[in-house]
Amino acid sequence: MLLIDKTVIVTGASRGIGRAAARECARQGARVVIGHSGSDEGRAGALSLAEEIAAFGGTAIAVGADAADLDSGEKLVAAAVEAFGSVDVLVNNAGICPFHSFLDMPRELYLKTVGTNLNGAYFTVQAAARRMKEQGRGGAIIAVSSISALVGGAMQTHYTPTKAGLLSLMQSCAIALGPYGIRCNAVLPGTIATDINKEDLSDLEKRERMTSRVPLGRLGEPDDLAGPIVFLASDMARYVTGASLLVDGGLFVNLQ
């Protein structure tokens, strides 16, 4: 197992990519903090995941911490330290993607998206990094960015800048935190079938068109991200920092 004796915080872990990542981290021996929004749906999803992890002999706790709350990172770190004594890995996954056209973008929607996807992430990364520095044995931070950090989207003008920002944050943090042995990397999912884009993918014609652009011939699934995230969290990636890993079935190179 790759993550034995490590404590891993995963934000947005009640469903989708975060859920798959948290589950696989637990399978690899980690003690997992399942971060969720605090909503009834988020709480239910996180608790069911904690039960699933316990069923195969893993260890996990569920913690409500809305990613839009700039203090959520401190809350997650405090919960991890209280329950498990340390923070070794942060997987910053929480994010929203409400599609909307540019010219009539509501200011509130823009601010909510940036607040959740980028501002919340910044301070969560900071909180985890401070704890890792204090512990004195390094650590790993993985941000779930997106292929949207590299390509535009007419209905995502409020979303793509946040994902580009996450990628840039990991690159800068790799430099800032390298002296403390803290590695910072980003994974860039392509089109992954999750709740966040369920409505967009419900159009079968559009779904088929999107699938046809992927060289591997299918859309991604949350579990497709779990392995790359575990790799970057583990000591197998001990000399990997400031990197960006596309997990898109070849979509980006095909778009080029």
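Glycine is no exception: its Cβ is also placed from the backbone N, Cα and C atoms.
Listed by Swiss-Prot as binding beta-L-rhamnose are Ser146, Ser148, Gln156, Tyr159, Thr191; the candidate from Asn119, Asn197 that the record includes in that site is Asn197. Asn93 is the residue from Asn93, Asn254 that Swiss-Prot records in the NADP(+) site together with Gly12, Ser14, Arg15, Ile17, Ser37, Asp66, Ala67, Tyr159, Lys163, Ile192. For Ala67 (NADP(+) binding site), the same-chain residues that are 6 or more apart in sequence and have a Cβ closer than 8 Å to its Cβ are Thr11, Gly12, Gly35, Ser37, Ala94, Gly95, Thr116, Asn117, Gly120, Ala121, Thr124.
Comparing Cβ neighbour counts within 10 Å across the recorded positions Arg15, Lys163, the minimum falls on Arg15. Least crowded of the recorded positions (Ser146, Ser148, Asn197), judged by neighbouring Cβ atoms within 10 Å of its own Cβ: Asn197.
Listed in sequence order, Cys97, Phe99, Ser148 are the same-chain residues six or more apart from Gln156 (beta-L-rhamnose binding site) with CB atoms under 8 A from its CB.
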